[in-house]
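Trainee: Sharing the record's features from Swiss-Prot:
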- Asp13: active site, proton acceptor (ACT_SITE)
- His41: active site, proton donor (ACT_SITE)
- 12-18, 40-42, Arg304, 330-332, 412-414: GTP binding site (BINDING)
- Asp13, Gly40: Mg(2+) binding site (BINDING)
- Asp13, Glu14, Gly15, Lys16, Asn38, Ala39, Gly40, His41, Thr128, Arg142, Gln223, Thr238, Arg302: IMP binding site (BINDING)
- Thr298, Thr299, Thr300, Gly301, Arg302, Asn303, Arg304: substrate binding site (BINDING)
Amino acid sequence: MPAIALVGAQWGDEGKGKATDLVGDRVDYVVRYQGGNNAGHTVVIGDQEYALHLLPSGILTPGVIPVIANGVVIDPAVLFEELDALTARGVDVSRLLISANAHLIMPYHRALDKVSERFLGKGRIGTTGRGIGPTYADKTARAGVRVQDMFDPKILRKKLELALNDKNQILTKVYNRRALEVDRILDEYLGYAEKIRPYVVDTSLVLNRALDEGKTVFLEGSQGTLLDIDHGTYPFVTSSSPTAGGACSGSGIGPTRITKVIGILKAYTTRVGSGPFPTELEDEWGEWLRSRGHEYGTTTGRNRRCGWFDAPIARYATRINGITDFFLTKLDVLSGLERIPVCVAYDIDGVRHDEIPMTQTEFHHATPIYEYLDGWNEDISQARSFDDLPKNAQAYVRAIEEMSGAPISAIGVGPGREQTLELRPLV
């Protein structure tokens with residue numbers, strides 16, 4: 001059976017948790033393959049809302065095996081906080097599997113992330129301050145601490161001593177902060193070791209064997225394509241690869257095993273943090289979208305920047321990921337608009353660009369070129385088929401589909417599990 005990748009097609013917060021929840025009972029494994037607790041998934045089941053930051057959304061579906069794979073960076077304190085919270089609400093968390101090769105977020109990563117962002121002032125990137133970037137930096141520099149290192153106190157102490165020789169110099173001499181102690185961190189993480197041990201396996205081996213046995217593996221990305229370290233709006237990006245390519249390296253599954261790539265698109269556009277955003281609305285319409293769509297970060301609580309749908313970005317995501325199907329979310333938010341602007345291209349210094357420009361300088365100066373589609377007044381939150389939608393809502397979906405370069409196979413018309421129109425099977 002296939003592996004299926006789920007990717008955000010914008011700047012994150014597109015509704016990936018809703019998509020995972022929709023297909024959760026049709027798959028056998030749900031895998032987080034990158035990022036950490038710097039992103040949030042919100043899943044609504046009946047009258048219960050669950051906000052997950054690190055755990056795969058599939059942990060909420062009985063019988064599904066949730067996996068935190070090698071490409072994820074783990075803050076053990078956050079991990080056990082989420083596990084304990086779900087256990088208290090009656091969720092079985094014993095099925096969770098964690099890669100021995102996943103890297104750990106250490107106290108010095110969080111400390112450096114926070115002070116360096118403040119030090120940058122107006123040049124800040126907009127990090128969540130949770131240590132994600134410094135952890136990936138150490139991973140790339142071959143100086144990171146992995147889950148498996150917690151099981152050998154000698155190796156863990158040696159790695160901590162080497163790390164703090166460097167990190168404490170930066171904390172004390174550059175940022176005038178207090179030095180961190182090896183023994184205190186060692187004791188804390190050795191305590192985590194015994195709690196995490198029952199979950200730790202070779203996740204790549206488990207997932208590939210599952211595929212060999214005909215099981216379905218669902219690879220759940222966090223953030224979005226435009227936040228990818230290689231393909232995003234650099235440097236205003238995350239430190240990992242939330243694209244379909246990242247799903248392979250972050251899970252240990254080969255590219256030929258992924259047979260479908262589902263891109264999640266919001267019916268408008270949002271972004272958290274700094275960086276270019278051509279369709280951003282800094283007026284009453286931006287506040288209208290924010291209020292209607294409840295656009296506040298699951299992880300940070302920060303206001304999301306809001307704007308109209310950006311077709312060049314959607315086409316870019318299709319190209320970068322090889323998207324085969326789109327899931328369009330939050331269509332219901334647009335109800336009540338007489339006309340809906342859609343960005344179809346950019347004007348840069350008087351020249352039309354139908355695709356995302358090559359340089360960030362050009363992207364910063366891009367002005368959206370809009371086409372206007374007729375809106376609708378009806379409440380569509382009770383729609384249960386495409387034919388239930390008003391004609392203008394149907395036309396909006398078809399226009400977005402044509403502009404984005406891949407079929408829209410599902411539509412979200414509200415936050416609930418049942419508020420989804422599946423035009424063709426996603427799994």
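One-based numbering along the chain as shown.
Cβ coordinates come from backbone N, Cα and C, glycine included.
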Trainee: Drop a 10 Å sphere on every Cβ of the binding-site residues Gly12, Gly15, Gly301 and tell me which sphere holds the fewest other Cβ atoms.
Mentor: Gly301
Trainee: If one looks at the chain holding Asn303 (substrate binding site), which residues at least 6 apart in sequence have a CB under 8 angstroms from its CB?
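Mentor: Within the chain, Asn303 (substrate binding site) has Cβ neighbours under 8 Å at Arg290, Glu295, Tyr296, Gly297.
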Trainee: Relative to the Cα of Leu331 (GTP binding site), which of the recorded positions Asp13, Asn38, His41, Gln223, Arg302, Arg304 have a Cα no more than 10 Å away?
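Mentor: If one measures from the Cα of Leu331 (GTP binding site), no recorded positions come within 10 Å, so the answer is none.
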Trainee: Out of these binding-site residues, Thr42, Gln223, which one has the fewest other C-beta atoms within 10 Å of its own C-beta?
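Mentor: Sparsest of the binding-site residues Thr42, Gln223 by Cβ contacts within 10 Å: Thr42.
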Trainee: Compared by Cα position, which of the recorded positions His41, Arg302, Arg304 is the closest one to Val413 (GTP binding site)?
Mentor: His41
Trainee: Counting other Cβ atoms within 10 Å, pick out the least crowded of the recorded positions His41, Arg302, Arg304.
Mentor: Arg302
Trainee: Would you mind reading off the Cα separation of Arg304 (substrate binding site) from Asp13 (active site, proton acceptor), to the nearest angstrom?
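Mentor: Cα-Cα distance, Arg304 (substrate binding site) to Asp13 (active site, proton acceptor): 9 Å.
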Trainee: Which one is it, among the recorded positions Asp13, Gln223, Gly301, Arg302, that lies nearest to Thr42 (GTP binding site) by Cα separation?
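Mentor: Ranked by Cα distance from Thr42 (GTP binding site), first place goes to Asp13.
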Trainee: Test of understanding: give the count of other CB atoms lying within 10 angstroms of the CB of Asp13 (active site, proton acceptor).
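Mentor: By my count, 29.
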Trainee: Which of these binding-site residues is closest to Lys18 (GTP binding site) if you go by CA atoms: Asn38, Gln223, Gly301, Arg302?
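Mentor: So, of the listed binding-site residues, the one sitting closest to Lys18 (GTP binding site) is Gln223.
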Trainee: Between Arg302 (IMP binding site) and Gly15 (GTP binding site), find the distance joining the two CA atoms and give it rounded to the nearest Å.
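Mentor: Rounded to the nearest whole number, the Cα-Cα distance is 17 Å.
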Trainee: Quick one: Cα separation, Gly12 (GTP binding site) versus the residue listed as 'active site, proton donor', in Å?
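Mentor: The Cα atom of Gly12 (GTP binding site) is 10 Å away from the Cα atom of the residue listed as 'active site, proton donor'.
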Trainee: Please tell me which one of the recorded positions listed here (Asn38, His41, Gln223, Gly301) sits closest to Gly15 (GTP binding site), measuring Cα to Cα?
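Mentor: Result for Gly15 (GTP binding site): the nearest of the recorded positions is His41.
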